Structures are given as C-alpha cells and as structure tokens.
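Asker: In case it's useful when we look at the structure, here is the feature table from TrEMBL:
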- A:Gly163, A:Arg164, A:Gly165, A:Ile229: NADP(+) binding site (BINDING)
- A:3-117: domain 'Tetrahydrofolate dehydrogenase/cyclohydrolase catalytic' (DOMAIN)
- A:138-275: domain 'Tetrahydrofolate dehydrogenase/cyclohydrolase NAD(P)-binding' (DOMAIN)
Number of protein chains: 2
Amino acid sequence: MKIEAKDIVDAIKAEVTAGVEAHKARGVEPTIRVIVATDDAAVLSYVRSKVKQAGNLGIAMEVVEFGPDKDQAAFEALIRASNDDASIHGVMIELPVRDGLDHDRVLSILDPKKDVDGLTTLNQGLIQQGREAEAICPATPQACIRLAETVGGLSGERVAVVGRGPTVGKPLAAMLINRSATVTVAHSRTTDLAATIAPCRFVFAATGRPGLLNAGNVTADHVILDAGIAYKDDKLVGDFDAEAAEGVAAYTPVPGGVGRVTSAIIFANLLKCMRLQGHP
Amino acid sequence: MKIEAKDIVDAIKAEVTAGVEAHKARGVEPTIRVIVATDDAAVLSYVRSKVKQAGNLGIAMEVVEFGPDKDQAAFEALIRASNDDASIHGVMIELPVRDGLDHDRVLSILDPKKDVDGLTTLNQGLIQQGREAEAICPATPQACIRLAETVGGLSGERVAVVGRGPTVGKPLAAMLINRSATVTVAHSRTTDLAATIAPCRFVFAATGRPGLLNAGNVTADHVILDAGIAYKDDKLVGDFDAEAAEGVAAYTPVPGGVGRVTSAIIFANLLKCMRLQGHP
C-alpha cells in the first residue's frame, strides 16, 4: 500500500493559510530569510521552489545570497542581525554551506525561536529532553511521524531508524522515543541490517543510499517511511527500492511522500516560531 | 565476570589530582557550587559524600542550601549569579528539586561551560549533534561507556539501553550512536524486553527498577552495565538481579560499578569545564 501524503499536506496548508491570514490581519507579514551560501545548482533550484511555495501560502521569503567573498565573521554577523530584526520571523540556512564556513558554530548562534529548520543546538537539546512543545522540531522527522501515524500508533511499537544524520536520523530517533516507540538506530556500521530491522513494524530510512532497503531485507509486515533523497539516472529516488513495493505492508513513495509533507511542515514551523516569539 | 571499576577510578583520580594541582600552582582553586533545593535525606547524604570526595581531590565544594522560603525567581537569580562568578567553575543542582521550582527552565539558564552534570539543554544538544568535544557529557553515561570498553569496542556492536530518562538513558543512547554502536532504546512501554535485548551484546540498564534484568531475560552473551539505583530491604541495588550473575558474560556490580566511576568522572567534568572557560 502506498501511503498518501495528500490529506496531510492539505490539512497543514489550510492551517498555515489561516495562520498567515490572521497575522496579516494584525499587520504582520510572516517572513522567512533564506541564507544561500553555496553555488550548488540543486540547492539553488530547491530554494526557488521553496520561494514559490511560500508565495502560494502568502509567506514572504527573502533570499540572501552570501557570496564567496564573505567570511565566517560576516556569516555570524548576518545571523545576529537576523536574530535582532523583528521583521524576520524565521531563518533558513541552506545546506551544505561553502567550504571555509562553520555551520556548527552558526547553529549555536541562531535564535532557536527563528530556527525554522529546527537544527540549532538548543532545539536539538529540547527535543532530546522531551520538551518538544518548546522546540522547533526539524520538518523531515515530523513528516515521517505524521505519515507513519496514518498507518497506526507508535507507542509501544518496535521501530527502526536507518541513518543517524543530524537533520533526520538523530532527531527522528529522539522524537520516536518521546512517542514511546522502542527504537533501534541502524547506520553504515550496522553489521546485519536485515536482522536488525526484522522485528520492527515501522522502518524509517534517511541515508540517501538508493536501494538500501530492498527485497532482500524488507518483510511483508514492514511499514517503510522513506526520507532518503538521491538522484539515480537523473531521477529522484529514496532509500527504498520501489520494485520491492509489493513486498511490504505500506510505504511512502519518493517523490511525493515524506518530501512533500516536509515542504508543508516548514511553513507550519514558521508559524510556531512566530508563536514562540510572542506573536498571538 | 564482574567488571572491575578500580583501575578506571584510579586513572581518573590521578588525572584529576594532577589537573587540580596545576590549577592551584597558577593560583586558581577549582570550585564547585552545589545547590541543594530539597529536604530529601538521601540527597543530603549524597551531597555530604561528594563534598568529602571533592576534598580528597583538592577540590572546593560550596554547598548552597536553597530553602523552601525562596521562589523560582530567586532560583534563577542564584544560577545567573553563579554563571557570572569567575571563582565558581562548576555548578551542580541536586535532583529532585523542591515542588514549585522549575528545573527545566534552570537547565536553559545555567552556563553550559559550568554544567558539571552535563544536563543543560545546550550540552544535551551538542551531544545529540555529535559534538561531544565541545560538550560536558553527563557522568553516568560516560561511566557506563568507560566500563563497557574494558570488555570490548562499541563500534558496530548491537547494544540496548533500557530506560529513557533525561540524565542517563537518553544521553547514553546518543553517545552510543556517536560511537557507532547499533542502539536499541527500550523502556516501560517496550512490550517484550527479553526479545528486544536478545540480539544485543551490551545491555545498559538505567531504570531504577530492581530485578528488571534477571535470569528470565538475560543470556550468556550479555555484558550488563548497570546504572540502576534503588533501595531494596535497605540495601542499594541496581536493575540487574545479582543472583543472575552466573548467567551473563560480564556485569557491573551495584554498589561499586557504574556509580563508583560516575563519582570520579564528575570531577573530571569540572576540569573540562575549566578548560572550556579558558583556564589553561
């Protein structure tokens, strides 16, 4: 069974549109600053698509191109200026940033209340402490959980997170523990992936290695949430081999699954940022 | 096999003593402020024992009794004053704090560089982001890992963490993922503990439920790291039923295992705090 993203996306977008209208009625224009410190064509194309989606929801997105002539001090100054600018409600730093810029340091400087991507050290710590209500949680893990919950509850379920990256795998594992799942985190050093994921009902994949989950290691009981993103023969693909789709209980397609929900949740995160900043 | 704590404790103490002497030779007296906001007799006795241990290592420990007449604002003011006081190098807040005081809020205020216990939101976030070198890590998870590594390396091993509390289970799971173990986190909602831990070589227990690990769920291959603390018939006991000791490959005793190493690591954490504060 293919897990459908449409209903979730529609619900989130309706909620965001209503929230944006309420802010505008009070004279506040919800605004995200996107900092692009790369020449990577894929990133630039992704940013254009986000600007368009934001526009459709009535959200202003200001793109700051941070050129190769600028250094770490200027990077940090830009973040601090964004923290202090009350007309900027959310800040996104597109990844990867240019060589020579220290993204980790910036994640300790950005105001966690403007951290639309939920990647600052403080937001990661709040998630880890089980204080999600006070945190901005990264959009991709939220999307994975929303999609999984259309199939069934997570409390008491055995689940696997394959991948331990800072943007998806690690915060997702913490968020699943917060939801009382029994969580196993697997990764490149895991010696027997098939045996590791076998007892799990839900398998969340976020490695960016196409076909890592395939007919050889999935079972008919598995529900696959695929947050993998990679290009294979110029086609966007996930971690789960779509040819194994008949062999599992349910799965999210790539494209059209986790990524689609993620795109909507980013804007819901902006509205939460605004609440945490004291906007009604 | 009983896993011995003595060599690890001796090594840490020797390192701490040398570090303390070096600071004193430069005219700096390493000092921890302990804030006791409880009347719990067990906590008060634990604090007295820490003061004595600190004294043996040449470390000054200033106990601040925070009485029931004082409120949350005073609690936060005390933390901020401690942050600003250059003669205080580490701050410990004994848990649990009195009803009516918000410990979580304080964990977002305490300077992470003075957070000897490694429980501030920022330190938890740094651990989660794999940035342990910049963080103060909680002592009990560090002790568990040091003891486990006397038996064998953790990279690529299957390990279980039983318990998901904020001081041990959660940070320990993150630290084990950082060390490339394949980590399963089990807890009170886990439905079949025996099956969940069966494939794991190392089992870390931190629930405070005596006998949770017992002859019925451990195997001859298990290495048990027992961070549980509870009293049973007035005796200090861990999560692992000592009567099952013959049935596992190795285990840490309670008392004398994880707790003993933890007591030493707290003071090593103070020296790391001082390095992060810029003391040479």
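Placement of Cβ uses the backbone N, Cα and C atoms for every residue, glycine included.
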Asker: For A:Gly165 (NADP(+) binding site), what is the secondary structure state per DSSP, taken as helix, strand or coil?
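Answerer: Note: A:Gly165 (NADP(+) binding site) is coil by DSSP, not helix or strand.
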Asker: Using a Cβ-Cβ cut-off below 8 Å, which of the binding-site residues A:Gly163, A:Arg164, A:Gly165, A:Ile229 are near chain B?
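Answerer: Listed binding-site residues meeting the cut-off: A:Arg164.
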Asker: Max Cα distance spanning A:Gly163, A:Arg164, A:Gly165, A:Ile229 (NADP(+) binders), Å?
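Answerer: Across A:Gly163, A:Arg164, A:Gly165, A:Ile229, the widest Cα separation comes out at 15 Å.
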Asker: Return the single residue from the binding-site residues list (A:Gly163, A:Gly165) that has the minimum number of other CB atoms within 10 Å.
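Answerer: Among the binding-site residues A:Gly163, A:Gly165, the sparsest Cβ neighbourhood within 10 Å belongs to A:Gly165.
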Asker: Residue counts in helix (H, G, I), strand (E, B) and coil for the domain 'Tetrahydrofolate dehydrogenase/cyclohydrolase catalytic' (A:3-117), per DSSP?
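Answerer: Counts, helix then strand then coil: 57 helix, 17 strand, 41 coil.
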Asker: Are there any residues in the same chain, six or more apart in sequence, whose C-beta is under 8 angstroms from the C-beta of A:Arg164 (NADP(+) binding site), and if so which?
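Answerer: In sequence order, the residues whose Cβ lies under 8 Å from that of A:Arg164 (NADP(+) binding site) (at least 6 apart) are A:Lys170, A:Ala173, A:Val185, A:His187.
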Asker: Might you list, by sequence position, any residue in that chain lying six or more from A:Ile229 (NADP(+) binding site) with a Cβ less than 8 Å away from its Cβ?
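Answerer: Listed in sequence order, they are A:Gly208, A:Leu236, A:Gly238, A:Val254, A:Gly259.
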Asker: Under a three-state reading of DSSP, tell me whether A:Ile229 (NADP(+) binding site) is helix, strand or coil.
Answerer: coil
Asker: Give me the DSSP three-state residue breakdown of the domain 'Tetrahydrofolate dehydrogenase/cyclohydrolase NAD(P)-binding' (A:138-275), ordered helix, strand, coil.
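Answerer: Tallied per class, the domain 'Tetrahydrofolate dehydrogenase/cyclohydrolase NAD(P)-binding' (A:138-275) gives 50 helix, 28 strand, 60 coil.
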